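S.K.: Following this message is one structure expressed as structure tokens.
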């Protein structure tokens with residue numbers, strides 16, 4: 001029996017005894033006295049009216065109920081008092097005795113108190129005997145005195161009872177709190193995230209422990225406190241975030257993994273320490289004659305307000321691909337979310353469980369590829385699956401969509417949550433309402449998988465309750481699958497994604513709504529002097545430039561290679577060129593890789609070469625096989641050099657091992673096209689490079705219309721299709737303002753053509769995270785919107801969107 005239950009019984013007993021003693025009055029009283037003497041002899045009790053209590057050592061009040069009733073162990077207690085006659089000091093003594101009440105109301109001690117304990121006296125005698133005495137009923141004066149004492153004793157007993165009750169309550173609270181912290185007990189009800197309780201049979205499964213909404217160290221956060229709290233917890237190298245993550249329970253319940261641990265199933269597990277719990281694992285339909293064929297390393301996971309919204313699974317192994325597709329079919333899944341690459345750091349993370357093209361049969365499931373769309377952060381594959389077997393009773397086909405997030409780095413987490421939020425939005429929009437659980441997997445099915453699940457749930461909670469409970473939700477889903485959200489970096493990334501969504505929201509637009517949006521953002525915002533467009537750009541300029549992540553560009557040897565000291569590439573995406581033999585610090589050029597719509601590193605955003613960096617510029621072009629150069633500045637503007645001429649006006653010119661020859665020059669309406677033959681004399685190889693020199697950008701401001709920009713973007717994309725999708729080198733003077741505007745427009749227009757959707761704000765925001773000051777002015781930002789609107793108006797295919 002639990003200790004707290006024993007305390008309840010004990011306390012109840014004490015209260016009952018105390019209550020009985022305090023509320024009964026008898027006509028006759030038996031008094032027991034301790035006598036300080038070497039021999040115990042009877043002594044007459046003398047009536048002391050002046051101080052009746054001084055002569056009483058123990059007072060027992062007889063109950064009024066029927067005579068000849070035996071009370072069961074009762075405690076007689078003697079209290080210290082001084083005898084005014086003989087100066088003896090009486091010491092407290094407690095004895096367990098049985099007492100019989102005689103018909104005349106006198107006390108008849110059983111066995112003459114033979115079990116009474118003796119204790120040393122505090123008086124002068126060397127030895128002391130404790131001798132209980134029985135006194136006959138005294139006269140009326142004694143009875144009156146004792147009646148006067150009864151209310152005092154009743155008050156004392158009542159106070160003692162109250163103290164006992166308070167003590168028991170405190171002990172029970174402490175025991176209960178301790179049990180909650182240990183979180184090891186079973187529960188007979190399942191606490192859903194929306195507050196409903198679903199009853200289950202006792203002892204059937206270990207269920208989720210409830211997380212109290214109050215009295216918790218990491219309670220839910222209101223969204224308006226999110227930014228402040230994240231900044232506080234990220235201080236001192238994420239110290240508080242690490243503490244919060246480490247406080248998460250590894251498993252809030254006592255769960256078993258018996259099925260996963262069977263010898264027949266061990267080979268089906270990718271990692272020996274990542275096993276599904278028995279109570280939440282996905283059960284496959286057993287295959288006749290195949291033992292333990294109901295097992296797969298996958299677990300049901302709750303969403304915010306939806307039970308078993310997800311199935312968290314490990315990345316299939318070669319020997320479990322058939323089981324994976326069997327699970328997809330049996331669970332009526334329509335959406336698969338993959339958050340790993342097939343190989344990372346040369347290690348297999350997941351078997352390819354789909355054909356590249358055509359169809360393939362996995363067990364009794366035929367999978368055919370219907371469509372593949374490759375984007376910068378993820379790939380979307382559409383499969384048609386069908387159960388095969390009895391050809392006379394063919395099952396209907398089903399459409400399965402796989403969303404494969406490809407931007408998760410081998411180490412850590414994505415440097416920005418923008419891509420993950422776009423990915424998640426696409427998953428939410430495409431999963432049919434009728435479908436079964438969404439299958440989410442990475443390699444182990446816990447780290448990145450858990451991160452995706454938590455972001456999804458917390459975005460739902462944010463919209464519904466205007467608060468988030470990351471700690472509580474991670475704790476709950478860890479009771480369904482171990483180690484969900486595996487690292488503190490993933491835990492911080494969840495908060496960053498939530499903050500990103502809270503601060504900037506969903507800024508995607510259908511092309512049909514662009515005109516209305518433009519009218520709206522030109523209106524003044526109440527309470528401010530800015531319109532909506534100015535507020536958008538203000539948010540962009542508030543993005544912190546990470547000067548501490550520009551180490552190489554700030555080295556003394558490289559400072560002279562920078563045209564503008566405020567625009568230096570970040571370390572994580574700077575373009576690296578081969579080091580010259582015997583020369584240090586020769587791998588630097590002021591240029592950054594920039595992601596496009598469909599692929600990473602689509603562009604190289606570079607400053608206009610200085611005279612002493614032309615060789616480095618061409619070494620970069622050669623090393624990264626760039627076949628298209630976009631120049632957005634004149635060599636000189638307003639009497640200042642903006643870019644050194646890095647190509648010959650005619651003939652050829654050498655820059656170190658690189659020679660450049662002008663083969664052809666053609667003037668177009670707003671730009672010049674130059675075909676250059678570039679040769680690496682050391683490698684004895686040549687390449688054709690095409691330069692697009694845009695003349696439509698005035699020295700001050702922006703182009704008068706977007707026609708020229710639309711034209712040059714189309715020409716560059718055509719060149720890319722012919723020469724291969726190597727990076728497009730884009731430069732102006734500093735490689736930020738006009739360069740960023742070109743990259744933004746090229747990316748936005750490509751998405752408009754593919755999806756009919758645009759997001760100018762997030763596109764520019766992403767550029768600024770990759771290189772400082774991309775799209776440098778409000779005019780340039782506004783120009784992006786105007787060019788997109790012109791593009792939609794100019795092309796009939798997109799004019800139909802209206």
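All positions are counted from 1 along the displayed chain.
The backbone N, Cα and C atoms fix where each Cβ goes, glycine too.
So Swiss-Prot has the following annotated:
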| type | residues | note |
| --- | --- | --- |
| ACT_SITE | 442 | active site, phosphocysteine intermediate |
| ACT_SITE | 732 | active site, phosphocysteine intermediate |
| BINDING | 410, 442, 443, 444, 445, 446, 447, 448, 486 | substrate binding site |
| DOMAIN | 241-501 | domain 'Tyrosine-protein phosphatase 1' |
| DOMAIN | 533-791 | domain 'Tyrosine-protein phosphatase 2' |
| MOD_RES | 211 | phosphoserine |
| MOD_RES | 213 | phosphoserine |
| MOD_RES | 798 | phosphotyrosine |
| TOPO_DOM | 20-151 | topological domain 'Extracellular' |
| TRANSMEM | 152-174 | transmembrane segment |
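Explain the structural surroundings of these features, please.
M.R.: Applying an 8 A CB threshold to same-chain residues 6+ apart, the list for residue 442 (active site, phosphocysteine intermediate) reads 315, 338, 339, 340, 349, 350, 448, 449.
Cβ-based neighbour count (10 Å, all protein chains) for residue 732 (active site, phosphocysteine intermediate) stands at 26.
Non-local contacts of residue 486 (substrate binding site) by the CB criterion (under 8 A, 6+ apart in sequence, same chain) comprise 444, 446, 447, 450.
Averaged across the domain 'Tyrosine-protein phosphatase 1' (241-501), pLDDT for the predicted model comes to 96.
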S.K.: I'd like to know which of the binding-site residues 445, 447 has the most other Cβ atoms within 10 Å of its Cβ.
M.R.: 445
S.K.: Measuring Cα to Cα, how far is residue 410 (substrate binding site) from residue 732 (active site, phosphocysteine intermediate) in Å?
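M.R.: That separation, Cα to Cα, works out to 34 Å.
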S.K.: Per the record, substrate is bound by 410, 442, 443, 444, 445, 446, 447, 448, 486: how many Å separate the farthest pair of Cα atoms?
M.R.: 16
S.K.: List every residue in the same chain as residue 443 (substrate binding site), at least 6 positions away in sequence, whose Cβ is under 8 Å from its Cβ.
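M.R.: When sequence neighbours closer than 6 are ignored, residue 443 (substrate binding site) has 270, 314, 315, 340, 349, 350 within Cβ distance under 8 Å.
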S.K.: Roughly how many Å lie between the Cα atoms of residue 445 (substrate binding site) and residue 732 (active site, phosphocysteine intermediate), rounded to a whole value?
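M.R.: Residue 732 (active site, phosphocysteine intermediate) has its Cα 46 Å from the Cα of residue 445 (substrate binding site).
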S.K.: Provide the number of Cβ atoms within 10 Å of the Cβ of residue 410 (substrate binding site), excluding the reference atom itself.
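M.R.: Here the count is 11.
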